[in-house]
Amino acid sequence: MLGSAGADTSLGAANWTEPLEFVILGFSGWPPALRAMLFALLLPLYLATLAGNLLIVALAAAAPSLHTPMYFFLGALSAVEVAYTLVLTPRMLAGFLLPPGGQALAPAACAAQMGLFVALGGSECLLLAAMALDRYLAVCRPLAYPRLMSPARCLRLLAVCCGAGAGLAAALTAVVFRLPFCRGGRVDHVFCDLPAVLLLACGDRALQERALLAACLLLLVLPLALILLSYGRVLLVILGVGDAAGRRKAFHTVASHLTVAVLHYGCATAMYARPLGSRSLAEDKLVSLVYINLTPLLYPAIYTLRNRDLQGALLRVLGRQPEAT
C-alpha cells in the first residue's frame, strides 16, 4: 500500500502498522453551532469564488477584445483557481456539517488530493510568473512582442507551467508516501496537506523535508524574483514614456498583478517555507481558512474591479455597450 523504506529501527517493525485510512480531522472538535456558522459564512464565499473565476474564463474565451496573451493567461489562471477550489472546498464545507470524528479517506484518495493541490498551486505560481513575463515583453519589447508571445508560444508556455506543476507534485507526493505512517492516520488539517501528512510519518524524514524546501525554492522564490524584476523594469519604463492616460492604465494593470502575486506568494511562503519542527497545526488550520476561501475570491475581485477591459467586455456580452469600432 504505502512505502516502508526509512523506518526508524528503534521503533521495531512490530510496534507500528500502516493506517488503512486517513482521517481528516478539520474542525470536527469545534462546537456544532460554531461549525454551522462557519459553513453559512464560507458557502457564499465559495459560490462567489466559482462565479467570479468562471466569469473571467468565459469572458477571456468569448470576448474578441480579450483575445490577447495577457487575458489568455488570466483565463488560464482563473481556470486553475476553479479546479483548486473544487479539489479542496467542497470536502472542507462538508466537514462542518458532519458529526465529530473527521472524514475518512483511503490512502490513494489522500495522495491524490495532495498531488492535485500541489499541482494546481504550483501551476498557479508559474502562471503568475508567465503573466509578469508577458507584461515585461509588452512594455519593454513592444516591437518584438507579437512574435515573442504568439498564440503558439502562449500555448507552449501554458503547457510548461502546468506540466512543471504536475511533475513537481508527482515527485513530492511520491517521496512523502515512501515513508511508513506509524503515528496513525489522523490528519490534523482540513485536507491532506503535505506538512500535516508528513508529520505522521516515522523514520528519517530528511529527504522529504529537503524535497519540500526545493519545491518552495522552485515554485515560490524563483518565480517571485522573476515577477519583481519584470514589474520593476515595467514600472521604470511606463513612468518614463507615454501620456498620463497610458501610464495610468499600465500602472493599474501592474498594481493588480502585483497585488495578486503578493497575496499568493505571501500565503504560500507562510505555510510551506518553514521547518516541520516549528509548525503549529492548529495555526495552520486557521490560516488555511484564508488561503482556501478568501484569497481565491480576491483574485477575480481585484482583476475585474480594476480592469476596464474586462468590465467593457462584460457590458458588451450583456448587450449594454456597443463593440468598439
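The backbone N, Cα and C atoms fix where each Cβ goes, and this holds for glycine too.
Taken from TrEMBL, the feature domain 'G-protein coupled receptors family 1 profile' applies to 52-303.
Sequence annotations record features per position, and here TrEMBL assigns transmembrane segment to 36-59 (among others).
The feature transmembrane segment is assigned by TrEMBL to 71-93 (among others).
Same-chain neighbours of the transmembrane segment (105-133): 1-2, 18-24, 70, 73-74, 76-77, 80-81, 83-84, 87-88, 91, 157-158, 160-162, 164-166, 168-170, 172-173, 176-177, 185, 187, 191-194, 197, 215, 219-220, 223, 226-227, 230-231, 257, 260-261, 264-265, 268, counting only residues six or more beyond its ends whose CB sits under 8 Å from a CB of the stretch. The transmembrane segment annotation in TrEMBL covers 105-133 (among others).
Look at TrEMBL and you will find 154-177 (among others) tagged as transmembrane segment.
The transmembrane segment feature in TrEMBL is assigned to 212-242 (among others).
Remote same-chain residues near the transmembrane segment (254-274) are listed as 121, 124-125, 128, 131-132, 135, 194-195, 212-213, 215-216, 219-220, 223-224, 227, 231, 234-235, 238, 284, 287-288, 290-291, 295, 298-299, 302-303, 306-307 (criterion: CB distance under 8 Å, separation of at least six residues from the stretch ends). Annotated transmembrane segment per TrEMBL: 254-274 (among others), in sequence order.
Sequence-distant contacts of the transmembrane segment (286-305), counting only residues of its own chain at least 6 positions beyond either end whose CB sits under 8 Å from a CB of the stretch, comprise 38, 42, 45-46, 48-49, 52-53, 55-56, 74, 77-78, 81, 84-85, 88-89, 92, 189-191, 193, 256, 259-260, 263-264, 267-268, 270-271, 311, 314. What TrEMBL records for 286-305 (among others) is transmembrane segment.
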Average model confidence [pLDDT] within the domain 'G-protein coupled receptors family 1 profile' (52-303): 85
